[in-house]
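Worksheet: one structure, shown below.
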Amino acid sequence: MHKKAIMLNRAISIVLLSVTLGYVVVTPFTKVEESFNLQAVHDILYHGRNLSKYDHQQFPGVVPRSFVGPLVVATLTYPLKLLLEFFGFTKLFVQYAARMVLGSLVLCGLFKFLKAIEKVFGKDTSKFCAIITVTQFHLLFYASRPLPNIFALTVVLPALASWLNRDIQQFVCLAGFGIIIFRFELVILFGICLLISLFRRELNLNNVLYICTVGLIVLVATVGIDSYFWGRWLWPEGEVMWFNVVLNKSSSWGTSPWHWYFTSALPRCLLTSAIFIPWGLRSDSYRTLLLLLPATGFVCAFSFLPHKELRFIIYTIPMINAVAACGYSNLYRRFGKSLFWKFCFLTSLGTFVINFIALTVFLAAAEFNYPGGNVMKSLHAIVPCEASVTPVNVHICNLAAQTGVSRFSETCPFWRYNKTEHIEPDTLRHDKSLTHVIIETGAISDDVWRRSHRRLADELGYNGIGIQGSSILPFPTPYVKTEPVLSIWQRNDFNT
């Protein structure tokens, strides 16, 4: 029996890892909010101490971000980079490797969290929590994306595991690391956890002194490292907090109603597993409530900020999943009691099927969400990298730059890649130094472009979800609607 349990745990771990890495292969590109961390990983790997060549010197962004996370990922990716270069792979495959490293770090934290769930709630609950996570889309999809929130998630998950295990010193150490380096708003989530620990009389004066000491050490470390990379004294996360919370300038990127997290983000993340949260609370009310309280409090607090994104509350998903898993586990334990409970449990397994169907739709949509990365891939497939009669100089429009283009995708060392912003399409068309232009489809009519250029390819982008009839199934099925969003134009006088 013990052997079977070990094999099942290994199988679950392999599935979690396979799904996470599979998402990287299917959607290897990133968006603008991920660009700083991804470019930082690239620059650390390829430019080292030559800071003048770093991307943030030219594109610093609205607020400075920490280099600590990218430095860790780049260090772990470096051996893979050497291996890939030895076998002749391009830089784009190093991007795959870097994202896989980040995803693996998140999974290490998730495994610790699941182990803590097993210790507190039992093996069945831990296994159901893992199954729920696999059948949902967003957590594992985001796990490899180089967002500040995901770098934070690498320490949030083991921190929560330490809190569940009542290891306050380790919890405080990891929490301080996450708050001061990656996301200051985690003080809300971890603050509620500490209040619960105070209520349970797990905190003492030594813990308070330890909190202050850890906080000071982490602050000195991030200020030292990031001041070196940015060339001035700064605490990146302090400036981010001031910009987003105090000045409330994040609302410039759009606003959502106060209930958006509860009516849109969480339902999309949790899918049908949310149905089992009340049953989980009923089955083990005290312990599940203590787990759900920090998550709910964090989401409620963030609901007051006008600018909302799903990634801002990603840390709460494993906690909520654990509560839902208690509901599944309770039904499983009642399985042999009567036909009624057998029916209830078998019916509950249908929610995993529904989740999986939703997952496939989300993934299909995600494939078309990064047209910039895909269009660069198309360009390199059509135009050979080898030195041509005419030197290649390609201009990349803003939409392409925001939806997948990175320095990792600049795979031809002799080409010039130009991302200068705010240039009129007609100016690009008349600029004879540009051999290729990646531009939004329809920015200028095709007839005008054809006077001096020829179209090499169009790239499709996501345009919503539709419903269509099925020749196989007796009911309508969802499909992903697409439209041409980017075009590659090549000058007529370009010679390969």
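The backbone N, Cα and C atoms fix where each Cβ goes, and this holds for glycine too.
From a predicted model like this one, the values you see are computed outputs, not experimental measurements.
Look at TrEMBL and you will find 7-26, 96-113, 174-196, 208-230, 258-281, 288-306, 312-331, 343-366 tagged as transmembrane segment.
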Paired segments the transmembrane segment (343-366) and the transmembrane segment (96-113) in contact, 3+ CB pairs under 8 A: no
Chain residues in Cβ proximity to the transmembrane segment (174-196) (below 8 Å; excluding those fewer than six residues from its ends, i.e. six or more beyond): 66, 68-69, 148-149, 151-152, 155-156, 158-160, 162-163, 203, 211, 214-215, 218-219, 221-222, 235, 237-238, 240-241, 245, 290, 293-295, 297-298, 301-302, 312, 315-316
Chain residues in Cβ proximity to the transmembrane segment (208-230) (below 8 Å; excluding those fewer than six residues from its ends, i.e. six or more beyond): 40, 51, 54, 56, 64, 66-68, 71, 169, 172-173, 176-177, 180-181, 236-237
Chain residues outside the transmembrane segment (7-26) and at least six past its termini with a C-beta under 8 angstroms from it: 96, 99-100, 103-104, 106-107, 110-111, 127, 130-131, 133-134, 140-141, 143-144, 363, 366-367
Close approaches to the transmembrane segment (258-281) from elsewhere in its chain (Cβ under 8 angstroms; 6 or more beyond its ends): 132, 135-139, 288-289, 292, 299, 302-304, 308, 310, 313, 317, 320-321, 323-328, 330-331, 348, 351, 354-355, 358
